[in-house]
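Now, the feature entries from Swiss-Prot:
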DISULFID  105-197  disulfide bond
CARBOHYD  11  N-linked glycosylation site
TOPO_DOM  1-33  topological domain 'Extracellular'
TOPO_DOM  55-62  topological domain 'Cytoplasmic'
TOPO_DOM  84-107  topological domain 'Extracellular'
TOPO_DOM  129-147  topological domain 'Cytoplasmic'
TOPO_DOM  169-203  topological domain 'Extracellular'
TOPO_DOM  225-244  topological domain 'Cytoplasmic'
TOPO_DOM  266-280  topological domain 'Extracellular'
TOPO_DOM  302-323  topological domain 'Cytoplasmic'
TRANSMEM  34-54  transmembrane segment
TRANSMEM  63-83  transmembrane segment
TRANSMEM  108-128  transmembrane segment
TRANSMEM  148-168  transmembrane segment
TRANSMEM  204-224  transmembrane segment
TRANSMEM  245-265  transmembrane segment
TRANSMEM  281-301  transmembrane segment
C-alpha cells in the first residue's frame with residue numbers, strides 16, 4: 001500500500017524525490033471494481049469513435065478539405081490525450097498503484113499537456129476556418145490553401161512541443177518545499193509546479209506556458225464567433241442563417257465541452273472555497289475524458305458529410321447485380 005512521502009521541514013527545500021504519490025478520487029482504490037469497467041469503456045469508445053473519424057477522412061478524397069483536416073487533427077489529439085491518461089488511471093483502478101516514478105510522471109505530464117494544447121490549438125484553427133468560411137466566403141478558397149494549412153499545422157506542432165518539452169527539465173531541477181503528493185490520478189503540470197518553492201525561477205515560464213495556450217485560445221475563439229454572429233445578423237433569410245449556424249454547431253459544442261470544465265476548474269481552484277476533493281477530481285475527469293468520448297458523436301451527427309460516409313461504410317454491400 002502506498003504511503004505518503006516524507007514531510008519536508010519548514011523553511012527548507014529539497015530536490016525532486018524519485019516518486020510521486022497520486023491521490024486521485026479518495027476511496028476509489030479500496031473498491032476499484034465499479035469504476036474499472038467504465039474507464040476501460042471510455043477508452044475503447046473514445047479510440048473507436050476517433051479512429052473511425054480518422055479512417056473515414058483518410059479514405060475519402062472528397063473530405064480532404066480544411067475543416068475535415070482540422071477534424072482529423074482533433075481526433076489525433078483526442079486519442080493521444082485519453083491514451084496518455086490511462087496508465088496511471090488504470091494502475092490505480094486495477095492495482096491501487098498510487099506511487100509513480102518521477103520520470104514516468106514527468107513523461108505523462110508532457111504527453112497530457114502536449115495533446116491538451118494541441119486540442120485547444122486545433123479548436124482555435126477550426127474557429128478561424130468557420131469565421132473565414134462565413135465572413136469571407138468568396139475569398140475562403142484562396143485564403144485557406146494547402147500551403148496555409150501546412151503552416152498552421154507546423155505552428156500547432158511548434159506550439160505544443162516547443163513550449164512543453166522544456167517543462168520536465170525545469171521541474172526536475174527546481175527546489176521543492178512541499179511533499180510530492182499530487183491531487184489527481186495523473187500527473188499535471190500545475191499539480192507538480194505548486195510543490196516547488198515560491199522562489200523557483202521556472203515558475204514564471206510555467207505560468208507563461210499555461211496562459212499562452214489555455215488563456216489566449218478561448219478568447220480568440222469567442223472573438224471569432226463574435227465576428228460570425230455579427231455577419232449572421234445581417235443575413236435577411238432565416239433559412240440561410242440557420243444553415244450557416246448549423247455549420248458551426250458541432251465545433252461550438254466541442255469548444256464548450258472542452259473549455260467549460262477547464263474554466264470551472266480554474267475558478268474553484270482556490271483554498272478558501274468550500275469545494276471537496278471529490279468535486280475537483282471529478283471535474284478534472286470530465287475535462288479530460290469527456291471530449292474524446294463525445295467529439296466523434298458530435299461531428300458524426302452534426303456534419304452531414306461525415307455521417308453519410310459512416311453510414312455508407314456500415315451498410316452491407318449488395319452482392320452481384322442485385323438492385
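Every residue, even glycine, has its Cβ placed from backbone N, Cα and C.
Given the structure is predicted, the values throughout are model-derived calculations rather than measurements.
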Could you give the residue numbers and ranges of same-chain residues that sit at least 6 residues beyond the transmembrane segment (34-54) on either side and whose C-beta is under 8 angstroms from one of its C-beta atoms? 28, 71-72, 75-76, 78-79, 82-83, 86, 89-90, 93-94, 289, 292-293, 295-297, 299-300, 306, 310
Lying 6 or more residues past either end of the topological domain 'Cytoplasmic' (225-244) yet within Cβ distance under 8 Å of it, the residues of that chain are 127, 130-131, 134-135, 252
Where else in the chain does the transmembrane segment (281-301) make close Cβ contacts, counting only residues six or more beyond its ends and a cut-off under 8 Å? 24-25, 42, 45-46, 49-50, 52-53, 71, 74-75, 78-79, 81-82, 85, 112, 116, 119, 183-186, 250, 253-254, 257-258, 261-262, 264-265, 268, 307, 310
Summarise the model's confidence over the topological domain 'Cytoplasmic' (302-323) as a mean pLDDT value. 69
Pick the one among the disulfide-bonded residues 105, 197 whose Cβ has the fewest other Cβ atoms within 10 Å in this structure. 197
Might you confirm whether the transmembrane segment (63-83) is in contact with the transmembrane segment (204-224), defined here as three or more C-beta pairs under 8 A between residues 6 or more apart in sequence? no
Near the topological domain 'Cytoplasmic' (129-147), which same-chain residues lie under 8 Å Cβ to Cβ, leaving out any that are not at least 6 residues past its ends? 66-67, 70, 224-225, 227-228, 231-232, 244, 247-248, 251
Sequence-remote partners of the topological domain 'Cytoplasmic' (55-62) [C-beta within less than 8 Å, at least six residues beyond its ends]: 68-69, 71-72, 305-306, 309-310, 313
